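S.K.: Quick paste from TrEMBL:
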- 1-41: region 'Disordered' (REGION)
- 11-20: compositional bias 'Low complexity' (COMPBIAS)
- 32-41: compositional bias 'Polar residues' (COMPBIAS)
- 50-69: transmembrane segment (TRANSMEM)
- 103-121: transmembrane segment (TRANSMEM)
- 128-150: transmembrane segment (TRANSMEM)
- 188-206: transmembrane segment (TRANSMEM)
- 212-234: transmembrane segment (TRANSMEM)
- 255-278: transmembrane segment (TRANSMEM)
- 318-340: transmembrane segment (TRANSMEM)
- 352-375: transmembrane segment (TRANSMEM)
- 387-407: transmembrane segment (TRANSMEM)
- 427-449: transmembrane segment (TRANSMEM)
Amino acid sequence: MPKEQGSIGLRSRAARSSASTSKDVPEERTAKTNSSKSTKVNASSTRSGIAFIAFLIVRLTAAFFSNIADCDEVFNYWEPTHYLQYGYGMQTWEYSPEYAIRSWAYIKLHAIIGGIFDFVFNHDKIKVFYAIRATFAVVCALSESMFYIAASSHLGPRVGRYLIIAMLFSAGMWNASTAYLPSTFTMYTTMVAFFYALMPVSTTSGRRVHRTIFWVGLGSLLGWPFSAAVGIPAAFEELVLRNALKKPFERIRRLISGVITSLCIILIPLALADYYFYKKLNIVPWNIIAYNVFGGKDRGPDIYGTEPWHFYIINGLLNFNIMFIMALISLPGLLVTVLVDKQRISSSPTAGSVYAYSYLSFRLVPFYVWLLVFIAQPHKEERFLFVIYPLVCLNAAVAIFLVRGWVDKFLLALSKNIPYGINRRCYLKLFTLIIFFISGVTSISRVLALCFHYNAPMTIYRHFYYVEIPQQVETHKLQLNLNNPINLCIGKEWYRFPSHYFLPDGVRLRFLKSDF
């Protein structure tokens, strides 16, 4: 029986067969090549546009309906942004010049966006808050579209389809997509970096490695320095794969020049901006590493609590359910595929199957690198995994593709007793549909649960902003004045406060000191 089409690889089997049997004369071949290229470009543009619209619709729902899950998002990012916009706000110790482990440059970028929306919405701060979130949704959708197009182009259209479904219906991606956190920002830059990293290694051009380094560098220097770990496999691949002995010093030079160029483009402006705010030279990415890794006794992240090794496994199952299991088996699944369905992964005749499997392995490894590194850390938080949420979906998409091959082989072996061949494609589609149906329903259930059961703080503060506080001001003839503000005391519930964007000017947050 013919094998199911859609294999992962640099070229499909059908494409190789067509190329090897083509007898066109040069003029005809040129015309057909140009026509084929034009058709592929148009199809790619159409897919990209449709993907962007789909991603944008889902991410906008997150912008307008998701909660603030972590009080660090409020006090480390929303409050400093409010301070730069409106002149007041809460500040955490991380912004103290003594520590300087948060970048004011990162905050200022968001404050500029917020200032534009403040003008557009006539100083309605809640609308400004949601407009900033909508901007996150747009950036996330653009990044996801690039990630999807790269996966479709270099890993195959079937993997691309699985990837887009996994990302659209993932509770984890929905939660992370519009959070105001460096880990979300680095999630964006990781997807753009993989737009280039998914390309095959070039023996002549440095485009792939330079652009991968730049986007990984942007995420790690402006956002979160530990996110650089996702770029390590791509750098290693550049040195060892695809004629590794050919021009080895040239490959090393490309890596070094890419790192130096990215440092100059990103780190120098970043250091200058932070110098303006801190009034002294601070390399914030280094300060973050120094405090968290070399902080010493009574310093570092562990003082805020530790979790067992399986914390991220449980978290992954909660946010990705069956897709997280698929992601975990993706790399071992390659070994199984070598044994039971070797032709499932194809490549060009000159590269061979070893290169094809090596090529795919390097694209699956970053997920495992990140997971193992952070499982080893005693202090664990859900947001630390945001960086690899798209990679969870990528690895899961590849795993589903591989498992389909196993199922196909198994059913073919039973076909002597079962009329499998007649409805072969239907059986495989049903298998895939069941996986995505279970995952999608479970993820949507979690999203709805979060919206309905944990949205009270933001709902209450919107009521304060638009109804309760204006009524109190009118009833008691109060004057909202920044120099003599009205206090809103929330007892010990400071960690549920969604930021001063939800309080009118002239109203300040107050809370009682707690044991924490």
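From the backbone N, Cα and C atoms, a Cβ is placed for every residue, glycine too.
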S.K.: Going along the chain, which residues at least six beyond the ends of the transmembrane segment (352-375) come within the CB cut-off of under 8 Å?
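M.R.: Apart from its flanks, the transmembrane segment (352-375) reaches 8-10, 155, 197-198, 200, 229-234, 236-237, 241-242, 309, 311-312, 327, 330-331, 334, 338, 342, 345-346, 384-385, 387-388, 391-392, 394-395, 398.
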S.K.: Can at least 3 Cβ pairs under 8 A be found between the transmembrane segment (212-234) and the transmembrane segment (427-449), with each pair 6 or more apart in sequence?
M.R.: no
S.K.: In the same chain, which residue numbers or ranges, 6 or more beyond the ends of the transmembrane segment (255-278), come under 8 angstroms Cβ to Cβ?
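M.R.: Answer is 97, 100, 103-105, 108, 206, 209-210, 212-214, 217-218, 221-222, 235, 238-239, 284-285.
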S.K.: Report, as numbers and ranges, which residues of the same chain sit near the transmembrane segment (128-150): CB under 8 Å and 6 or more residues beyond its ends.
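M.R.: Those are 44, 47-48, 51-52, 55-56, 59-60, 62-64, 78, 81, 85, 110, 113-114, 117-118, 120-121, 160, 163-164, 167, 177-180, 184, 187-189, 191-192, 194-196, 198-199, 390, 394, 499, 501-502, in sequence order.
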S.K.: How about the transmembrane segment (318-340) and the transmembrane segment (50-69): do they have 3 or more C-beta pairs under 8 A, pairs 6 or more apart in sequence?
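M.R.: Result for the transmembrane segment (318-340) with the transmembrane segment (50-69) is no.
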S.K.: Are there residues at least 6 beyond the ends of the transmembrane segment (50-69) whose Cβ is under 8 Å from a Cβ of it, and what are they?
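M.R.: Distal contacts: 78, 130, 133-134, 136-138, 140-142, 144-145, 148-149, 164, 167-168, 174-175, 177-179, 382, 450-451, 454-455, 457-458, 498-499.
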